[in-house]
Structures are given as structure tokens and as C-alpha cells.
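What follows is one structure encoded as C-alpha cells, with my remarks underneath.
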Amino acid sequence: MLYLKKLVIILLVSLVSCSKLKYHDNTELAEYLKNFTAYNTKGIRTTLYSIGKSIKGNDLWVVNITAVKQQKVGIPNIKFIGTIHGNEPVGREILLYFMEYLRDNYETNSEIRWLLDNTRIHILPNLNPDGFALANEQNCNGEYGRSNGKQGMDLNRNFPDYYHKRRIPEAAETKAVKKWMTDVPFILSAGLHGGALVANYPFDTIKELTSYSKQPPSLTPDDDVFKHLANVYAQNHLTMHQGKSCTGENIEFEGGITNGAAWYPFSGGMQDYNYAMRGCMELTLEISCCKYPDAKNLAKFWEQNKK
């Protein structure tokens, strides 16, 4: 019996620590999420559900973690989404760290306790499993695996746009997110990306291009709130608030934040759709200069983003 108890402890420790050692492939990630939600820490309820399937039939798994009673109403729902671009997977692993941190610190950390007592947190680590399956570790700047599968669609250019009618067919993953937002009234959201170090806020889209060398910002009616949210993230990040360019050039993003269109405009972005069509305030968080860095750096990225 003592041997069995020790074996269970070893297995549980492995479950917690495995996300700190490697990138999980799609099968491993699904198993990890199932194991994570198979038992609940005292006071916390974790549930696993799928919002749909990718174009190649992979489930888009979400973990809901909260200490709020299931029947209680008026509780805000927030969401975090990783691997929107398949070749930017740091976010998927950071979100596993986050889940573990919430669970492991609920009883000892008053801030975490308050958060889980007053919020329902939904975590989708892997929006683009098909693209991720094609991407390669240590590929910092390439595009292979970015879209939802070989010769697929860019999922961050695939949503209905505030200013422009979209003629691009919607991907299965896009439809799944749209239905998810119909089913759950989210108010706050973050999409995790890589390739830069900045907190990006809406709008990404613009009404029309200008002839200026630098595109002016495309502002929402809630620009003050978005700037506040972006500043909160950037200032709590260990390095983002410095606003330094990933290429080593002069400071590029004042305070580590930017309006999307002022950086570079595009249509069909997910954060714009969240805000304009669903009333959910979403930030796009660029959290690593290298899109797909060596796994040995994952613990460092977690420490940078934890607070």
C-alpha cells in the first residue's frame, strides 16, 4: 500500500512538472488536459469540454477552472487562447503553467483565491492543432505551420471584420470560436502569440489606408479602457514594459503596448471580432521574440508572464 501511495505521488508530480520540460504534441496535450481535470483540488472545480473540431478533426479542448458554485449567476467569464498561429506555441505551454499555478495556490494565495472565487476562467491552449503539427521547434521567423494546416487559412485573418465585408470562407476553427462565444458570455479575453514582445489592443482593422509613412491608430470608443488593460499586462511583465524591439533597434513600443493598426493594419482579426461583434474586450499578447523557441526557454517565458 505504501508503495502504491508513493507511485501515485510520483505520477501526480510528473503530471504537474511535465509541462515545464517540453512542448506537448496534440495527443499529449489532450491527455494532459484530461488528466488535469480528472480530479479536483479542494474548493476548485475543473471541467474539460470541446468547442468543436479543427479542419482535420482534432478536438479544440477547453479547461474551465473556477471555485464558483455551478448554479451561481452574474459571474464574469474570461478566456485565454493559445496557438492561434500554429508556429507560435509558447502560449499553449504558458497556459498549462497558469492552470497549474491557479490550482496549486488556491488555498495559500489570497489573490488566486479571490480570482477563482469570483471568476470562471476558460483556457483553450490549442486553437490551431493542425498548423502546430506542421511547425518546427527553433524556427523563430518562418511562416510554415502558421495557418490551420498545409495551405490553410490564417485564423487571425478569418473573422468577420468591423469595417470590411469578408469574402474569405470561415475555417472550422473560426466557426467553433464564434459558437463558443454565443454559448458563453465572455467579457475579457487574451490571445497569445509570438514573434514580438508587446500588448496589442483593438482595432487592427482600419476604414481605409492613408498615404502616411506610419499608419495612425484605429481607435475604439473604449480606447482608454483598452490602453489601461494593455498597460496592466505590459507593466507586470518582466521585460515587455521596456518597449524594446525584438530586433535590438531603438524603443519601438512605448510602455510595451500598441494599437494594432498603428503597428500594422489588417482585417479579420480575432480581437476586433471579440470587441465589435461580441462585446468582449480582447488583447493580443505577443510574448516571445522567437515564434517557436527551444523548449528549454519555456520556464523563463512563464516567469516573465506569470504576474
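Cβ coordinates are placed from backbone N, Cα and C, and glycine is handled just like the others.
Since this is a predicted model, take the numbers as computed values, not measurements.
TrEMBL lists 1-18 with the feature signal peptide. Annotated domain 'Peptidase M14' per TrEMBL: 22-307, in sequence order. Per TrEMBL, the feature active site, proton donor/acceptor maps to GLU286.
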For the domain 'Peptidase M14' (22-307), mean pLDDT (0 to 100):
95
Proximal but sequence-remote residues of the same chain as GLU286 (active site, proton donor/acceptor) (Cβ under 8 Å, at least 6 apart)
HIS193, GLY194, GLY195, ALA196, LEU197, VAL198, ALA199, ASN200
